[in-house]
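What TrEMBL annotates here:
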type	residues	note
TRANSMEM	15-35	transmembrane segment
TRANSMEM	83-104	transmembrane segment
TRANSMEM	116-140	transmembrane segment
TRANSMEM	214-237	transmembrane segment
TRANSMEM	270-296	transmembrane segment
TRANSMEM	302-320	transmembrane segment
TRANSMEM	332-350	transmembrane segment
TRANSMEM	356-377	transmembrane segment
TRANSMEM	398-421	transmembrane segment
TRANSMEM	441-465	transmembrane segment
COMPBIAS	476-486	compositional bias 'Basic and acidic residues'
REGION	476-501	region 'Disordered'
Amino acid sequence: RSQESRERLSVCSKLCYAVGGAPYQITGCALGFFLQIYLLDVAQVDAFYASIILFVGRVWDAITDPMVGFFISKTPWTRFGRLMPWIMFSTPFAIISYFLIWFVPDISTGQVMWYLVFYCAFQTLVTCFHVPYSALTMFISREQSERDSATAYRMTVEVLGTVLGTAIQGQIVGKVDTPCIESPLFFSLTNSSVAMEELNMTHDTESLTDTRNAYMIAAGVIGGLYILCALILLLGVKERRESSELQSDEPVSFLQGLKLVMNHGPYIKLIAGFLFTSLAFMLLEGNFALFCTYTLGFRNEFQNILLAIMLSATLTIPFWQWFLTRFGKKKAVYVGISSAIPFLITVVVVDSNLFVTYVVAVAAGISVAAAFLLPWSMLPDVIDDFKLQHPSSHGHEAIFFSFYVFFTKFTAGVSLGISTLSLDFAGYQTRGCSQPDQVNFTLKMLVSAVPVGLILLSLLLFKLYPIDEEKRRKNKKALQDLREESNSSSESDNTELASIV
């Protein structure tokens with residue numbers, strides 16, 4: 001009892017641990033919603049090069065996860081721990097890189113390289129923060145119940161972090177009124193190319209300066225929160241070395257474990273289904289600001305619409321937690337993800353209407369909550385099924401989680417790159433008050449038709465997913481029987497050893 005009481009984490013320790021998850025979500029949400037429109041309309045990067053920046057940055061982010069995990073596993077223990085030094089030393093450089101992403105350099109050439117370098121640098125540094133932070137769960141306590149409780153605190157703070165990132169970035173940037181440039185067709189009618197050139201120069205020197213300053217202010221505020229959260233984590237959480245010494249399983253070959261995991265049918269079907277689901281919602285996330293600004297004409301409202309999506313997602317996560325407990329996870333997937341389809345169709349079919357757009361935003365947030373919660377809820381069931389099929393093989397849990405994250409980030413890069421490249425082919429006009437019909441049609445495809453198609457494809461894949469509620473209960477009972485058998489065998493061995501002694 002005294003040992004268990006020493007292993008229990010205080011509420012303060014759990015909160016300090018949970019706060020450490022906020023920087024990754026805050027910065028990720030700000031970049032996901034606003035980086036594309038920033039590169040196109042504020043930094044005025046050509047759409048083709050913007051697509052390269054977004055694609056390469058996200059793919060590099062995916063690659064760095066297993067790389068950083070490998071280097072962390074080779075890190076020796078220090079008086080601060082093995083994971084904490086990574087968090088400590090990556091934080092200041094990550095903040096500098098993040099701020100420079102939102103800074104427009106006064107250079108005529110090399111601007112594309114500027115954003116590519118600092119975007120990739122930030123993704124690497126935030127990975128150096130988040131990977132050891134995720135692994136820290138195993139080093140804060142030896143009690144599984146305490147780890148689960150700390151994880152629940154963490155998920156709550158991370159969801160709030162997505163709202164905070166959207167609110168800070170959106171409200172600061174949204175306060176600045178950025179005048180747009182009229183279509184070149186207007187100036188051709190007035191036969192005044194000089195007026196067009198003068199207008200461009202005026203906008204570049206006056207209104208665009210305010211917008212650029214607003215993005216840097218938002219970056220400064222988010223950077224300050226990043227530092228605060230990191231300090232709370234470093235000062236409030238102790239990394240326990242003895243927790244790492246409890247692993248009794250022998251080290252396993254990475255390639256052998258990877259082969260076993262990738263041959264596990266339920267994992268492949270689950271990851272395929274959620275890959276298409278993630279791709280659908282990432283297309284919606286990356287292009288929704290442009291869609292609201294140009295296709296719907298809500299230039300001064302898009303930040304509030306984005307905030308409505310994230311607030312709706314946050315408030316409905318408890319509902320989906322209750323729903324999957326009551327009706328099962330497969331039914332929660334069907335109902336939760338498919339509920340976005342009629343509203344995604346409505347937003348492009350109905351004429352531009354602010355009230356309808358807010359209704360669609362709230363409905364989309366409900367589906368976003370389901371897409372956010374369900375993958376992490378269903379993945380443990382796949383791991384349990386794997387353990388039953390391979391009872392003598394241990395230590396593969398990290399492979400399941402790491403490759404799910406890898407494929408998700410990779411598809412994010414592909415979706416952003418393809419969508420921005422599509423806008424370039426459609427004739428996107430930087431900082432235009434309006435866009436050509438081809439661009440508006442492309443935006444409709446990217447936020448409605450393509451996501452709907454991907455969601456329908458994912459639902460078909462989930463139909464093949466074999467672990468329903470009945471199968472999950474059988475697996476749980478079988479695992480419990482195996483543990484009891486293992487414990488009884490261990491107790492008999494100890495009794496026999498004691499009698500020999």
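Residue positions begin at 1 at the first shown residue.
Here the Cβ of each residue, glycine as well, is placed from N, Cα and C on the backbone.
Between the transmembrane segment (356-377) and the stretches 83-104, 270-296, 302-320, 398-421, Cβ pairs under 8 Å are most numerous for 302-320. Ranked by the number of CB pairs under 8 Å to the transmembrane segment (83-104), the listed stretches 116-140, 214-237, 270-296, 302-320, 441-465 are led by 116-140. Contact between the transmembrane segment (441-465) and the transmembrane segment (270-296) is supported by 3 or more Cβ pairs under 8 Å, counting only residues 6 or more apart in sequence. When each of the listed stretches 214-237, 302-320, 332-350 is scored by C-beta pairs under 8 angstroms to the transmembrane segment (15-35), 214-237 comes out highest. Ranked by the number of CB pairs under 8 Å to the transmembrane segment (214-237), the listed stretches 116-140, 270-296, 302-320, 332-350, 398-421 are led by 116-140. Within the same chain, the transmembrane segment (398-421) stays apart from the transmembrane segment (116-140): fewer than three Cβ pairs sit under 8 Å, each pair at least 6 residues apart.
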